[in-house]
Structures are given as C-alpha cells and as structure tokens.
Amino acid sequence: MQEKTGSPVLRNARRIVVKVGSSLVTNEGRGLDADAIGLWCEQLAALVKDGREVIMVSSGAIAEGMKRLGWTARPKAIHELQAAAAVGQMGLAQVYESKLRENGIGSAQVLLTHADLADRERYLNARSTLLALLQLGVVPVINENDTVVNDEIKFGDNDTLGALVANLVEADALVILTDQKGLYTADPRKDPAARFVHEAKAGDAALEAMAGGAGSSIGKGGMITKILAAKRAAGSGASTVIAWGREPQALIRLTQGEAIGTLLVAQTQKIQARKQWMADHLQMRGSVAVDAGAVSKVRDEGKSLLPIGMTRVDGDFSRGDVIAIRDAEGAEIARGLANYSSSEARLICRKASSEFERLLGYTGEPEMVHRTNLVLTR
C-alpha cells in the first residue's frame with residue numbers, strides 16, 4: 001500500500017462507471033437534492049464532451065418516493081419499499097434527464113435485476129443496449145429495479161451493482177463517490193492513529209480487515225461493500241477509486257490525473273468475458289463438494305472437474321446452470337457451467353465415466369464442469 005498515488009488510471013480511462021451514494025443525491029434522505037444532482041450532471045456532461053463514455057449508477061429512488069408519499073420513516077415491509085421505489089424512480093429519472101439536457105447531453109433510464117445479469121441472453125442484450133447508448137453519447141442512469149425484486153434476488157447495494165455494470169461493459173474504471181474520503185487503516189473516528197490509504201491492489205485481503213461497518217444511515221453500503229465491489233470490478237480489468245463526493249469537481253479532477261481518494265488498482269490480466277459473467281453470479285442454484293484431489297486438479301492444474309472427484313451435490317439445478325465448486329470445508333474454489341442436472345449429478349457422484357451409460361441411460365460428457373466453462377474464485 002502506498003502513501004501517494006500518481007497513477008494515470010483515471011486520466012487514461014475512456015469508459016467509466018460512476019456510482020453515487022444516497023447521501024450525495026438526497027437531502028439527508030428526505031427526497032432528491034436536485035442542485036447536487038445538477039453538479040454531478042455538469043461533470044458527467046464535461047466527461048462525455050471530452051470523448052469519454054460514462055455510466056451513472058445512482059441511488060435515491062426510495063428516498064424520493066418516501067418524500068412524494070409523505071413518509072418520514074423508512075418502511076420495513078418489502079412491498080412498501082418497492083412502492084416507494086416505483087414512485088421515486090419517476091422523480092429520479094426526471095431530475096437526471098432535466099439536468100443532463102441542460103448541459104446538452106441525452107440520458108437513458110436503465111433498471112436492472114440480478115436475473116437480468118444471471119441469464120446469459122439477457123446479460124448480452126443489456127450489454128448491447130448499454131454499449132449502443134454510450135456510442136450515441138448518451139449517459140445511462142442505472143438503478144436496481146427494486147419494484148420487482150425481493151431480498152433473495154437483490155444485488156444488495158449499489159456498490160455491487162456498480163461493479164457488475166463495470167464488468168458488463170468492460171469499463172476502464174469504477175468511481176465510487178461516498179460521504180467518506182476513502183479508506184483508512186482503521187476507523188478514524190475511533191482510532192487517532194488511523195492512516196489514509198492512497199493506493200492498494202484491489203483484492204488485497206488486508207483491505208477487508210480495515211473496512212468498518214456502514215458509514216451512513218441513509219444508504220445501505222458501508223466501506224466493506226466498496227472494497228468487495230472493487231475486488232469484483234478488478235476481474236474485468238477495472239480499477240476503482242473510492243472518493244469523497246463533496247470534493248469540488250471530483251470527477252473532472254480525477255480524470256485529469258489528480259490523486260483524490262483511495263485508488264484500488266486492478267490486476268493486469270482480465271478474466272475472459274464469459275468467465276467474468278459466471279464469476280459475477282451472486283446467487284447460484286446449486287453446488288458440488290469435491291475431495292482434495294479434485295481441488296488440486298481444478299485449482300492448481302487447471303483441469304476440468306470430473307464426477308469421480310465429487311463428494312456431494314447440493315441444490316436443484318439444470319444442465320447449463322452456473323454452479324459453485326466447494327472444498328471439503330465448504331469454501332468456494334470455483335464455479336462453472338454444469339454438464340449435468342443435479343439429479344443426474346447425484347447418480348454419477350464418485351463414479352467413473354465408464355459407468356455413466358448404465359447409470360444415466362446415455363453416454364454424456366466425461367466432465368461435470370469442463371475447464372473452458374470454469375472460473376476460479378479462490
């Protein structure tokens with residue numbers, strides 16, 4: 001970890017995903033702050049006019065919906081939150097459309113769910129649409145489609161959504177703007193010896209230990225969600241900046257190469273696009289546990305997973321679904337596309353491929369997950 005960053009990452013970035021937190025676009029959670037959004041839109045427009053492609057992932061729909069509905073306390077019932085989101089999305093889209101249009105730039109509203117990104121065809125359709133919008137010089141304003149999702153299929157927070165969008169469009173950089181100046185070695189509110197982290201490698205295990213709990217009562221994500229988002233975005237080669245959103249002209253200064261906030265640098269080697277799609281699954285239909293020999297073959301030697309190395313099959317999945325591969329302790333080591341359904345996998349678990357025809361009634365692939373359809377996660 002470095003004390004100072006002079007990295008050209010943002011200066012050279014042509015495609016940027018910007019995530020702005022609730023506290024930066026609302027009046028302390030009481031509706032949208034149109035003036036603040038206007039300042040963001042001025043910067044977004046300047047970046048587009050400079051030849052960059054920009055996507056905005058913005059919170060604020062529920063806060064705006066609560067204001068329009070006259071609610072003073074955030075509801076706990078999921079259907080009430082969904083109702084607030086539906087009402088608030090109208091206002092959120094209107095403000096961004098108005099403020100960007102004032103700066104001569106078009107906007108588009110895009111609402112995503114995890115199901116959109118988990119399904120390969122819908123994933124590719126979403127990617128094609130976003131890339132088309134960027135080529136047209138339009139700024140897509142993205143939020144989770146809270147109206148139709150529940151806790152089991154939510155992204156969970158917009159930090160995660162920002163990282164997934166960065167991977168979806170293969171962005172050069174992810175900028176997470178928050179109400180904190182960046183990452184410290186400890187909570188500076190509790191530890192006067194806490195040092196500011198200017199630069200580190202995304203995915204550095206020490207970062208997660210540094211991150212505290214939730215920072216703001218308005219949004220959902222604390223620093224830990226931002227650290228994990230940076231780790232996820234790094235898979236497609238996107239470096240991440242976590243910066244204080246109240247910093248004047250933060251986006252402009254970052255893209256001019258100024259050191260603001262914490263820079264989390266991505267690994268140099270990108271994950272193949274299709275494997276990145278598999279890695280980005282937040283929920284999976286099932287998993288298989290494997291023995292130590294299979295762990296070594298898959299993780300250390302880059303081999304396919306054979307059914308003879310499986311010890312247990314969990315969940316209910318179909319052929320072609322993304323499943324997790326876990327070691328004896330239950331830790332995920334990889335994930336990939338299943339060549340067999342869960343019911344078939346249970347029949348061939350611990351069996352050699354020579355027995356498949358007798359057990360299944362047909363001769364299929366010898367692998368449970370072929371190495372070309374497998375991505376390591378640990």
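Glycine residues also receive a Cβ, built from the backbone N, Cα and C atoms like all the rest.
Record check: Swiss-Prot places T178, D179 at the ATP site, and the matching candidate among K19, K351 is K19. Cβ-based neighbour count (10 Å, all protein chains) for S59 (substrate binding site) stands at 26. Confidence in the domain 'PUA' (285-363), given as mean pLDDT, stands at 96. Counting residue by residue with DSSP, the domain 'PUA' (285-363) contains 27 helix, 23 strand, 29 coil. There are 26 other Cβ atoms within 10 Å of the Cβ belonging to T178 (ATP binding site).
Taking the Cβ of D179 (ATP binding site) as centre and 10 Å as the limit, one finds 15 other Cβ atoms among all the protein chains shown. In the three-state DSSP scheme, T178 (ATP binding site) falls into the strand class.
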